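As recorded in Swiss-Prot, the features of this protein are as follows:
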{"type": "TRANSMEM", "residues": "13-33", "note": "transmembrane segment"}
{"type": "TRANSMEM", "residues": "55-75", "note": "transmembrane segment"}
{"type": "TRANSMEM", "residues": "98-118", "note": "transmembrane segment"}
{"type": "TRANSMEM", "residues": "139-159", "note": "transmembrane segment"}
{"type": "TRANSMEM", "residues": "168-188", "note": "transmembrane segment"}
{"type": "TRANSMEM", "residues": "218-238", "note": "transmembrane segment"}
{"type": "TRANSMEM", "residues": "251-271", "note": "transmembrane segment"}
{"type": "TRANSMEM", "residues": "296-316", "note": "transmembrane segment"}
{"type": "TRANSMEM", "residues": "345-365", "note": "transmembrane segment"}
{"type": "TRANSMEM", "residues": "376-396", "note": "transmembrane segment"}
{"type": "TRANSMEM", "residues": "401-421", "note": "transmembrane segment"}
{"type": "TRANSMEM", "residues": "426-446", "note": "transmembrane segment"}
Amino acid sequence: MNEKTRKNISAAGLLIAIGIVYGDIGTSPLYVMKSIVAGNGGIANVNRDFIVGSISLVLWTVTLLTTLQTVFIALKATNHGEGGIFALYTLVRKRAKWLVLPALIGGAAILADGTLTPAVTVTTAIEGLKGIEFGHGNVPVSTQGTVIAITVVILLLLFSIQRMGTSIIGKAFGPIMFIWFTFLGVIGLMNMMGDLSILQALNPYYAIKLLFSPYNKAGIFILGSIFLATTGAEALYSDVGHVGKGNIIGSWPYVFVCLSLNYFGQGVWILNNPNYNAGNGDFNPFFEIIPQNIRLAAIVLATIAAVIASQALITGSFTLVAEASGLKFLPRMNIMYPSTKKGQIYIPSVNKMICAATIAIVLFFQTSAHMEAAYGLSITISMLMTTILLYEWLAMKGVHTIWNWLFLIFFGFLDVMFMLASLSKFMHGGYVSLVIAGFIGIIMYVWYYGNKIRDKRESRNAYVRLDEYVDMLTNLSHDEDYPTFATNLVYMAKVKYNKFIKREILYSILDKRPKRARAYWFVTVNVTNEPFTAEYAVNTYGTKNVINVQLFLGFKQQTSVNVYLRQIVHDLIADGTIESQPQEYTTTPGRDVGDFSFVIVNDVISPQTQLRSYEKFLVEARVWLQNLSSNPASWFGLDYADTVIERVPLILGNQRRQHITRIPPKKFEDIKKKLQAEGELKE
């Protein structure tokens with residue numbers, strides 16, 4: 001750990017990291033050993049070699065994939081403090097165009113996992129309540145239906161508090177998760193003391209031996225259950241922008257030790273209870289290692305930890321979606337910043353979609369055992385894609401070719417093995433995660449390549465120099481042959497390099513129907529890295545009625561363009577930059593600012609567009625997604641302003657020329673007589 005990273009570590013930061021980042025991997029003990037034993041036919045079909053080998057596989061999987069690959073390597077690959085597969089892609093995308101594919105596939109897989117993690121963890125924890133007596137023989141949670149109802153209520157509450165932001169949530173969750181990991185370690189240690197020979201699992205020999213052992217009925221496919229122990233490693237990388245690299249590195253050793261002790265404790269309990277019979281068929285060694293007199297309190301704590309586990313994926317999903325939108329993988333969405341840190345975000349639409357998908361999964365699968373079959377597959381895919389991108393990042397950083405290839409071969413082999421093992425769950429529920437990932441991936445593919453085709457095929461004169469049209473706009477402003485469209489005609493249009501603007505904007509003013517206005521405003525909104533910036537700059541091109549406004553707004557500042565622009569007009573009138581706009585008819589005496597009309601231009605594919613059918617489909621699908629997902633008036637704070645949405649033709653590629661020939665009058669008369677004779681034309 002370098003000096004800079006060490007300085008960024010604080011007690012509060014460590015607590016927030018434990019509360020936000022480790023929830024997913026921290027609840028793995030709830031279901032990993034349960035899944036492993038069930039996959040081998042139950043507790044009656046396991047022996048010492050199987051348990052020691054299984055725990056060895058778990059520990060070394062977490063060591064290699066979480067500690068080595070994620071904490072020691074991936075956390076170094078951050079983009080301005082942000083982590084995750086999209087941030088990694090941003091660092092390496094100039095090395096090869098095809099690298100966009102692993103980024104799209106991996107990102108879609110992680111977002112799909114965000115719907116499964118809350119469902120699995122919360123359901124597993126609540127299932128621990130089944131059969132627990134409250135008072136004198138009262139068993140309120142006796143059926144799976146009750147478990148599902150409680151799970152759905154908890155999930156609804158979880159998603160409803162997301163608007164509070166990760167800072168507030170982390171402060172509340174951090175101490176609880178610290179207690180949770182301490183509890184895992186203490187309970188595990190208490191059981192482990194009954195048979196310290198379980199520490200043989202630290203030797204990787206037993207892990208490799210189990211893969212080829214006749215006692216292992218699942219064979220190599222046992223890795224599908226083993227991999228569940230490291231789900232959540234991707235959250236460490238995705239959430240680095242929320243809590244900081246130093247706090248993740250500083251807190252991981254404690255978390256890893258506590259997890260290891262709990263797995264050891266569960267292993268010893270299984271070895272000491274070979275004839276255990278759950279009676280009702282519900283067997284979970286995690287709850288069995290807990291003394292009966294504190295089991296109810298432990299289940300409550302496990303439920304809270306499960307809720308926090310879901311938080312890691314939800315916050316990670318917000319970060320990934322924001323990055324995807326910036327990379328033009330996804331449409332623009334309304335992003336909110338609950339705190340003064342730009343890395344901590346909340347996206348209402350994403351929150352609603354994940355909530356709906358998670359609850360649907362709970363209602364569809366009904367039990368945690370069924371959900372576990374769907375869990376993990378999408379994450380193995382994302383980890384393989386991350387490995388490919390990390391290989392490119394290491395090469396970019398100048399790592400020796402031999403070491404770089406060793407990294408790719410070693411971790412690529414591990415990822416492929418876990419992915420193949422997880423594919424064995426496909427027909428038992430794994431298809432659900434792939435369907436969700438596929439749906440997200442298709443949207444990303446359409447949006448990204450639709451934009452690429454549009455940019456490539458768009459006419460070279462798509463952008464024009466605004467300053468070359470200043471005289472024309474000034475003349476139109478004073479031309480009384482045209483009715484006044486508005487006193488202030490405002491276009492929400494980006495002006496690049498202070499002079500280039502899309503031709504469609506000027507087409508809207510001059511060609512569709514000349515729009516006469518006293519002043520033409522072209523407004524560009526620039527979001528800064530500071531939370532509360534509110535500044536502007538103007539360029540009038542030497543006129544008093546053509547104004548290019550560059551707004552610089554902090555990421556927490558409301559984008560109320562309507563309000564800001566009125567203040568800007570007052571400022572410019574006061575210093576003589578533009579002329580006063582006195583109003584004869586007004587409810588405000590002395591008002592010197594006229595009315596505003598805001599115009600937002602939307603593209604429509606022109607029939608004249610010449611593209612290959614596949615390209616045209618992608619561009620049309622991209623435009624459809626834009627119209628479905630966007631609300632520009634809301635983005636710019638124009639909900640209650642006079643806003644006009646205009647559609648202009650988007651002509652891509654070579655234009656299709658359609659010719660019509662004029663015929664002489666005599667020929668027309670001959671055609672007319674012929675049609676009348678045939679009865680096709682009546683007098």
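Just so you know, glycine gets a Cβ as well, placed from its N, Cα and C.
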*So what's near the transmembrane segment (251-271) in sequence-distant terms, Cβ-Cβ under 8 Å and 6+ beyond its ends?*
14, 17-18, 21-22, 25-26, 28-29, 32-33, 37, 43, 46, 48, 51-52, 54-55, 58-59, 62, 66-67, 71, 181-182, 184-192, 194-195, 198-199, 201, 229, 236, 285-286, 288-289
_the transmembrane segment (296-316) vs the transmembrane segment (168-188): 3 or more CB pairs under 8 Å_ = yes
*Per the definition of 3+ C-beta pairs under 8 A with sequence separation of 6 or more, do the transmembrane segment (401-421) and the transmembrane segment (168-188) touch?*
no
*Among the recorded stretches 13-33, 98-118, 168-188, 218-238, 345-365, which has the greatest number of Cβ pairs closer than 8 Å to the transmembrane segment (55-75)?*
218-238
*asked:* Is it true that the transmembrane segment (376-396) and the transmembrane segment (139-159) have 3 or more CB pairs under 8 Å, sequence gap of 6 or more?
replied: no
*Which one, 13-33, 139-159, 218-238, 426-446, has the most C-beta pairs under 8 Å toward the transmembrane segment (168-188)?*
13-33
_Intrachain residues whose Cβ lies under 8 Å of the transmembrane segment (98-118), provided they are six or more past its termini_ = 24, 84-86, 88-89, 92, 155, 158, 231-232, 234, 238, 309-310, 312-314, 316-317, 320-321, 324, 327, 329, 354, 357-358, 361, 371, 374-375, 378-379, 381-382, 384-386, 388-389, 392, 432-434, 436-438, 440-441, 444-445, 448
_Paired segments the transmembrane segment (139-159) and the transmembrane segment (345-365) in contact, 3+ CB pairs under 8 A_ = yes
